[in-house]
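Worksheet: the structure to be examined is printed underneath.
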């Protein structure tokens, strides 16, 4: 160890505030960047999944409305 | 060789490789960076001239080094985009520009805070600091230009040209401490000479530089994956990947 005690380590002979401010900002921004990037990827995956589900839902709806139309036509022809 | 080049250009192939590399990059990066920082903060001897404030070097040099190195990588990717129209190169430029911006800001910030106890001032308009500030604006310009153009291909071309024009700044940053009189001390590491510090100081510094490099690799892979997912969401393999991931 380059320091005799923990408090000497924190104070760093008066340079403590400068050194610790730098390390605090460094960790804050780096961790922030990493968390933000992770969240962005997960959000992209989620957005893709919703897009596919929406598409699948629309296809089902189209299929359903197509059969309903043919049913109506049958009904009209009976009248 | 050509086959490898073609594979490298395939977003699907890259996506798989990135997924396999990322755990190693993250673990290795955190391990090396923490080792370098703990060693530098607590165990390295204090500087005979600057006292303990020099301990900021263990994050100042890695961030400044990476900030420039990321820009050079972006310039190489910009050439590839312009000449071969490789999609992945453009994805790379777009994905890492914000990382470069943060790294440049960190090197300027740590430099300013180190300057106060060492030079007696937070900021001077000298060559090294000013050229580094220009690098920060270049990163900002790349991000802004990319966001301003909606068409993907025109954006890629415009951004590549801007990145290539800005690369002239890199040698200026590099040699500014030798060409002009400056408060900034000369480089710690040179390719041709031994470091001007004892091993107890430069070994932890080297560790933190390598660690930050690996962390940058992880961030680049992660952010490129995001960009690829968004661009390729109409393809079969992205659909399979997304739907398989959520069971």
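Any Cβ shown, glycine's included, is placed from N, Cα and C.
Here the structure is a predicted model, which means the values were calculated and not measured.
Look at TrEMBL and you will find B:17-184 tagged as domain 'Cytochrome c assembly protein'.
Under the heading transmembrane segment, TrEMBL lists B:21-44 (among others). Tertiary proximity for the transmembrane segment (B:21-44) is limited to same-chain residues at least six positions away from its ends with a CB under 8 Å from its CB atoms, namely 55, 57-59, 62, 200-201, 203-218, 221-222.
TrEMBL lists B:56-84 (among others) with the feature transmembrane segment.
Sequence annotations record features per position, and here TrEMBL assigns transmembrane segment to B:96-115 (among others).
Annotation comment: TrEMBL describes B:127-146 (among others) as transmembrane segment.
What TrEMBL records for B:158-177 (among others) is transmembrane segment. Packing against the transmembrane segment (B:158-177) from elsewhere in the chain are residues 68, 71-72, 74-75, 77-79, 81-82, 90, 93-94, 126-128, 131-132, 134-135, 138, 141-142, 145-146, 149, 184-187: each is 6 or more residues past its ends and has a CB under 8 Å from a CB in it.
Long-range contacts of the transmembrane segment (B:201-222) within the same chain: residues 18, 21-22, 25-26, 28-37, 39-40, 43-45, 47, 57-59, 61-63, 65-66, 69-70, 92, 95-96, 99, 103, 188-189, 195, each at least 6 residues beyond the stretch ends and with a Cβ under 8 Å from a Cβ of the stretch. Sequence annotations record features per position, and here TrEMBL assigns transmembrane segment to B:201-222 (among others).
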